[in-house]
Amino acid sequence: MHSVRQSLEFYILSFRQNVVFSFEIGLGQGTKVLVDFQPYNINRTDVASVTSWSAPILWEGTFDPILIDSIYKQQNLMIATTVFALGKYTRFVKDFLESAEQHYFVGFRVHYYLFTDQPESVPEVKMGENRSLTVRKVQSLNRWQDISMGRMEKLEKLIENELASEADYIFCLDIDTKFYGHWGVESLGRLVGVIHPWFFDAPRDRFTYERRPESQAYIPVGEGDYYYAGAAFGGSLEDVHHLTKTCREQLHIDAANSIEAAWQEESHLNKYFLLNKPSKLLSPEYMWRDINESAAQIKVIRFSNVAKNYAEVRPNP
Ligand SMILES: CC(=O)N[C@H]1[C@@H](OP(=O)(O)OP(=O)(O)OC[C@H]2O[C@@H](n3ccc(=O)[nH]c3=O)[C@H](O)[C@@H]2O)O[C@H](CO)[C@H](O)[C@@H]1O
Ligand SMILES: [Mn+2]
């Protein structure tokens with residue numbers, strides 16, 4: 001674990017050609033130095049490119065992917081990437097992996113971890129150099145809500161037991177998704193959340209936070225920063241371990257009190273991000289609604305949900 005990791009973060013701002021560069025530098029495990037390089041362009045005026053707590057919000061046009069790639073190339077980073085495919089969701093695996101090989105951290109080391117109740121169904125997908133897939137068998141579950149929420153505990157244990165010695169960063173993604181555009185090292189950060197594609201434009205009081213005070217995920221009306229997607233989050237191992245552990249604990253408390261948050265672990269993730277501000281936000285370009293939908297602010301769709309018939313793919317309503 002990175003528990004011994006001494007984190008040193010600071011921001012240097014300088015102006016060059018109307019581009020603000022900011023650096024977040026952390027002293028990583030051992031001798032490896034993790035560098036978050038976060039340039040953002042102040043010319044994109046149709047969207048906010050920074051939060052009130054000074055975290056960058058990445059939109060197309062707010063960073064230079066070639067420059068950032070060249071900086072990260074100096075390091076031998078490994079990005080662990082987790083997905084779950086239980087029941088009929090195994091049908092999404094092929095497109096997810098094939099499209100990830102085309103667009104996701106291309107040229108960098110990626111280790112996918114796929115949790116499934118049907119390892120025999122996992123298709124053969126040709127992986128690029130330094131990219132690999134580990135398949136983990138998990139128990140089948142009867143409720144989609146339990147599958148979705150159960151991810152937090154599995155992720156917590158994976159980070160604890162296996163990732164410390166191999167990965168530098170982790171991203172945890174939904175499987176009913178596909179990559180359509182570049183998703184690269186610009187997205188790396190200590191704690192990274194993605195703005196939910198249905199709420200980037202909505203006033204805060206419309207956010208579908210859990211509103212019952214009895215739940216650990218409760219967020220009162222009038223509070224909250226953004227509504228984050230449950231389908232994609234990531235960061236350093238240490239930070240994502242703390243996130244998954246906390247959400248798992250809060251989910252267990254809710255279960256003991258016979259309450260299930262409105263949007264399951266997504267509600268708990270939103271509570272977590274309210275109390276633990278992400279160091280970087282990704283715009284809905286990184287988790288879009290559907291490849292056939294558009295919005296003026298979305299100049300590129302990098303990663304999107306794929307259309308699914310809920311009644312047909314889920315084990316229960
Ligand atoms: C875009 C987005 O933010 N999506 C979130 C949203 O609905 P979604 O409609 O995206 O939830 P979903 O049905 O995709 O379930 C989430 C994930 O659980 C897994 N799964 C689910 C059912 C099943 O039978 N088999 C299986 O493997 C699979 O990895 C799937 O991607 O709310 C969920 C919780 O309510 C999760 O937080 C999702 O991440
Ligand atoms: Mn999904």
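Keep in mind that glycine also has a Cβ here, set from the backbone N, Cα and C atoms.
TrEMBL entries are annotated by machine, without manual review.
Remember, it's a predicted structure, so these values are computed and weren't measured experimentally.
What TrEMBL lists as active site, nucleophile is Glu266. As annotated by TrEMBL, UDP-N-acetyl-alpha-D-galactosamine binding site applies to Tyr89, Asp174, Ile175, Asp176. Among the features that TrEMBL reports, Mn(2+) binding site is placed at Asp174, Asp176.
Overlay of TrEMBL annotations on the structure.
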residue: Tyr89; record: UDP-N-acetyl-alpha-D-galactosamine binding site; DSSP (3 states): helix
residue: Asp174; record: UDP-N-acetyl-alpha-D-galactosamine binding site; DSSP (3 states): coil
residue: Glu266; record: active site, nucleophile; DSSP (3 states): helix
Between the recorded positions Asp174, Glu266, whose Cβ has more other Cβ atoms within 10 Å than any of the rest?
Glu266
Candidates near ligand 2 among the recorded positions Tyr89, Asp174, Ile175, Asp176, Glu266, judged by a Cβ under 6 angstroms:
Asp174, Asp176
Restricting to the chain of Asp176 (UDP-N-acetyl-alpha-D-galactosamine binding site) and a gap of 6 or more, list residues whose Cβ falls under 8 Å of its Cβ, or answer none.
Tyr89, Phe92, Asn305, Val306, Lys308, Val313
Among the UDP-N-acetyl-alpha-D-galactosamine-binding set Tyr89, Asp174, Ile175, Asp176, as the record gives it, the longest Cα-Cα distance in Å:
10
Spatial neighbours, same chain, of Ile175 (UDP-N-acetyl-alpha-D-galactosamine binding site) - Cβ under 8 Å, 6+ residues apart:
Val83, Phe84, Ala85, Tyr89, Phe92, Val93, Phe96
Taking the mean position of the Cβ atoms of Tyr89, Asp174, Ile175, Asp176 as the UDP-N-acetyl-alpha-D-galactosamine site, which residues outside that list, in the same chain, have a Cβ no more than 8 Å away, listed in sequence order?
Val83, Phe84, Ala85, Phe92, Phe96, Thr177
